[in-house]
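Enquirer: The structure is given below, and queries will be raised subsequently.
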Amino acid sequence: MRDKAQASEAEPDVRSRVIDSSLVSSAALLLAIAGLALWSMPRAVQAGDAGEFATIMLRGGVAHPSGYPWMRILGLLSRVCEGLGIPPAIAAALPSSLAGVVAFVLIHRCALALCTEDDAPLPPAIAWASAGIVLLVASAPAVGLHVFDSEVWGPHLLFCALFLRTALRPPPPERSPIRRSLGLGLLLGLALSHHLTAVLLVPLAVGAAWPRNTKPGSGFPKLLVATGGAGLLGSALGLAPLLTLPIGAGGAWRWGDVRSPAGFAHHVLRRDYGTFSLSLHEEEVAATATLGRSLTNLGEVFTASTASSAWIGAAIVLGLATFLVLAAARRGPETETGSSSAGPNPGVLLGWLGALLACTVAFPAIQNIDPATPFGAWILERFDLLPALLWTPALIWAAVRGGRSLASSQSLAGSKASRSATLLAVGGLGLVLVLLLAQLGAVLERGRPATERGVEVAALDLVSSPDPEGPGVPATPDDSGSPPVRAIVFGTDDHRSFPALYVQSVLGAGEHTLYIDAQLLVHPWYRAHLRERLPSLPDVEKPLRLIGAIWSDPELDSVPIYLANVFSEPAQRLPRVPEGLLWRVVLPPDHPRFRPEDWQPEAIAQRHLAALDRCQARPEDFAGLEHPKSHPWSADLASAYVEPSRALIVQLARSGHPELAETYVPAIAESVQEHVGVDLLD
């Protein structure tokens, strides 16, 4: 009896130490991931949607469908950071990155709660090994590229982690099923208001909100209807942040018309893209290709990129799915709260599994972007972040349960079994540390946003390299103070259009250039946006027709027109000459302003060299040259400095004037070598 009393007196101290170790491991994880985020965070704007979001967060406006109101809200913090002297790219990325950091810490707390059985103390080795696994996922190259940036993925993971933790946690005994359903619906609605792929969590919402422990004749149908209604009401309330989109009429960039009911619905439902499409580009892609890519990426995350095979990912999914099904089938007796000694109730576990399979299998199977291209793979891997986050607590729980079962199978006494489980956890921690080192190598191999300046530099050169002293057209009424428009550049693709928006709106570069996204011209709101800058711009929705309309307008026809890239077959047929990293469109010979001497090889070469001199790119800016998998956009943009110059060198060689080639070819080659490190004469 005396020994039991002494053990009882000692138990609170042991429990306190264990709880402290659990909290300390979470705190250490928080610091580690925060440091990782700061190490990875971009110092210049990145590709994808980062340029658009950074612009809106720092200068206001409305993002592309479905609007992403939380990015506007987080932008208030970004503006405070910018006001404190933090560089704009970091200020824009900081709130989203910190949201991602907190998301992974919540996943760690969720995993520890799953691993705690019968309120028994959790060995410190398990807490630290669990933290190591979460850090392994958080340090994956895809996380560093997409979460720690001015992108939607950090807040998306945070909302989903909050929902997962709430759904898996047993409710207090006094909480009614209706109240729990209302709370779950609210969290799901908040997640949906930020990113529509949160709808993939609906199976977990249903499983967690399903009424239980109802006695026969207790009015279960009515309770089910009331619970479902409460969940829908909560989701509707959670969607309320979308109602903030119409607030305010200013800002540097406003996609669509969200101030009318029809325009608001059009925007939120993503009608510009197609509600169920991932981009403006429609492609027919085999489901096996997109599913195989998703499973491959999942396997790379959990193996620290040491294995790159869809079969590895499939094995992880199959193994953990089997574990969750068995956990649901082998639960202990259920308490009044709906929990048991074996974890969440079967409905929650099966709902969790349904959400996991929806994220990992169903959604990838319907994606309409080709994963075979480096650009498509870069876009699609962002949708693998949520599955990786949601599988992580399941992996930790399965590993801990497996270790405990292995220790118990040795027929050891209680203390020895516990010691054996601890040793297994220590061994697991050692394995995780090895994988973390491998993950670090994978990050260094793929590159970080912090080392990638090519997208921003190319955008700066795109809007700044046209002649700032050329003929201009007043952009707005004379008393506005806006500089004249001296160049019009047509281009496409997010890695050109959104960075150009950012460098002009946030950095104030290239104010003499009007950049026009050729794909967005079809939208009336975009043409109205352009006319805010240049009121006399014709209201034409086709790029080549707009070029013709500009040439037909005596007020505008003196402004040079450029292509940033050849975006269509009709654009391919346009006569054009190189000028810096752009292609200048040649005026028709019968145009009143056409002067033959302006289009002779020497004049073209002189303008080209002058434009290159106004460029500021350097080879070290383009991380994509060394890390094309992580930065395919950077590698693509680097070629924009090469191809026009290569074409001009060929033109000079064939001009019939060898003295021109001798004069200008070495100068052009030297300039390209200086900007992107490519030797055109090799």
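A Cβ is built for glycine as well, from the same backbone N, Cα and C atoms used for every other residue.
TrEMBL labels come from automatic prediction, so no person has curated them.
As annotated in TrEMBL:
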TRANSMEM  21-41  transmembrane segment
TRANSMEM  89-114  transmembrane segment
TRANSMEM  126-147  transmembrane segment
TRANSMEM  182-211  transmembrane segment
TRANSMEM  223-245  transmembrane segment
TRANSMEM  310-329  transmembrane segment
TRANSMEM  349-366  transmembrane segment
TRANSMEM  378-400  transmembrane segment
TRANSMEM  420-444  transmembrane segment
REGION    463-484  region 'Disordered'
Enquirer: In terms of Cβ proximity under 8 Å, which residues at least six beyond the ends of the transmembrane segment (21-41) contact it?
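Expert: Sequence-remote neighbours of the transmembrane segment (21-41) are 90, 93-94, 97-98, 100-102, 104-105, 108-109, 112, 122, 124, 127-128, 130-131, 134-135, 138-139, 144-145, 147-149, 443, 448-450.
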Enquirer: Using a Cβ cut-off under 8 Å, which residues of the same chain at least 6 positions beyond either end of the transmembrane segment (349-366) come close to it?
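Expert: Apart from its flanks, the transmembrane segment (349-366) reaches 164, 167-168, 197, 200-208, 210, 276, 287, 290-291, 293-295, 298, 317, 320-321, 324-325, 327-328, 343, 380, 383, 386-387, 390-391, 394.
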Enquirer: Give residue numbers and ranges for long-range contacts of the transmembrane segment (310-329): same chain, 6 or more residues beyond its ends, CB-CB under 8 A.
Expert: 291-299, 302-303, 342-343, 346, 349-350, 352-353, 356-357, 360-361, 391, 394-395, 397-398, 401
Enquirer: What same-chain residues lie close to the transmembrane segment (126-147): Cβ under 8 Å, and 6 or more beyond its ends?
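Expert: Contacts of the transmembrane segment (126-147) (Cβ under 8 Å, skipping residues fewer than 6 from its ends): 21-22, 25-26, 28-29, 32-33, 36-37, 40, 48, 96-97, 100-101, 104-105, 107-108, 111-112, 115, 153-154, 157, 297, 300-302, 304-305, 381-382, 384-385, 388-389, 392, 395-396, 399-400, 421-422, 425-426, 428-429, 432-433, 435-436, 439-440, 442-443, 445-446, 448-449, 630.
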